[in-house]
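J.: The structure is given below, and queries will be raised subsequently.
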């Protein structure tokens, strides 16, 4: 097995351990979680981990609402970042700042880190401006996301 693939497999396995919201996760996802908590402090980041057709695992079909559309755009943004040589968005850390609900990506990030930071920053801002519909949490993906 390719060492890079083995590293990814190990990271995914480690990130899936645990049974609570304190489970380990790749560092970038930890940073994204913190960005979400910066812009939407009234909700748990976990509320966004299994929402609609695009927030969380997978992503297909038509977004169910504006919040789900934020996740679709975020997925597409990560796909674009992956085109940067050696850029793995789910594992790339970056420098940013949260101050009173405002997110800023720091200037010292390399091209990949800057792209991923901006993807996460824009998604967190989008989440803050989109209504949350409890009926779109943990939906039946096969029935609603074709």
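Backbone N, Cα and C define each Cβ position, glycine as well.
If you look up Swiss-Prot, you'll see 1-21 marked as signal peptide. Swiss-Prot lists 38-98, 53-145, 55-71, 70-126, 77-119, 87-112, 105-117 with the feature disulfide bond, giving similarity to another entry as the kind of evidence. The Ca(2+) binding site annotation in Swiss-Prot covers 54, 56, 58, 75. As annotated by Swiss-Prot, active site applies to 74, 120, with the evidence given as similarity to another entry.
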J.: Whose Cβ lies within 8 Å of the mean position of the Cβ atoms of 54, 56, 58, 75, the Ca(2+) site, other than those residues?
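T.: For the Ca(2+) site the neighbour list reads 52, 53, 55, 57, 59, 71, 72.
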J.: Enumerate same-chain residues with a sequence separation of six or more from residue 119 (disulfide bond) and a Cβ-Cβ distance below 8 A; give 'none' if the list is empty.
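T.: Listed in sequence order, they are 74, 77, 78, 81, 89.
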J.: What does DSSP call residue 87 (disulfide bond) in the simple three-state scheme?
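T.: Assignment for residue 87 (disulfide bond) reads coil.
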J.: For residue 126 (disulfide bond), identify the closest of the recorded positions 38, 56, 105, judging by Cα separation.
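T.: Closest recorded candidate to residue 126 (disulfide bond) by Cα: 38.
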J.: Might you list, by sequence position, any residue in that chain lying six or more from residue 112 (disulfide bond) with a Cβ less than 8 Å away from its Cβ?
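T.: Residues satisfying the criterion: 81, 84, 86, 87, 89, 92.
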J.: Name the one residue among 54, 56, 58, 120 whose Cα is closest in three-dimensional space to that of residue 71 (disulfide bond); these are the recorded positions.
T.: 54
J.: Could you tell me which three-state DSSP class residue 112 (disulfide bond) falls into?
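T.: Once the DSSP labels are grouped into three classes, residue 112 (disulfide bond) ends up as helix.
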J.: Hey, how far is residue 145 (disulfide bond) from residue 54 (Ca(2+) binding site), Cα to Cα, in Å?
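T.: That comes out at 9 Å between the alpha carbons.
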J.: Given the recorded positions 38, 75, 98, 117, 120, which one's Cα is the least distant from that of residue 55 (disulfide bond)?
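T.: The smallest Cα gap between residue 55 (disulfide bond) and any of the recorded positions is with 75.
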J.: Among the disulfide-bonded residues listed here (98, 105), identify the one with the smallest other-Cβ count within 10 Å.
T.: 98
J.: May I ask which of the recorded positions 38, 105, 120 is closest to residue 56 (Ca(2+) binding site) if we compare their C-alpha atoms?
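T.: The smallest Cα gap between residue 56 (Ca(2+) binding site) and any of the recorded positions is with 120.
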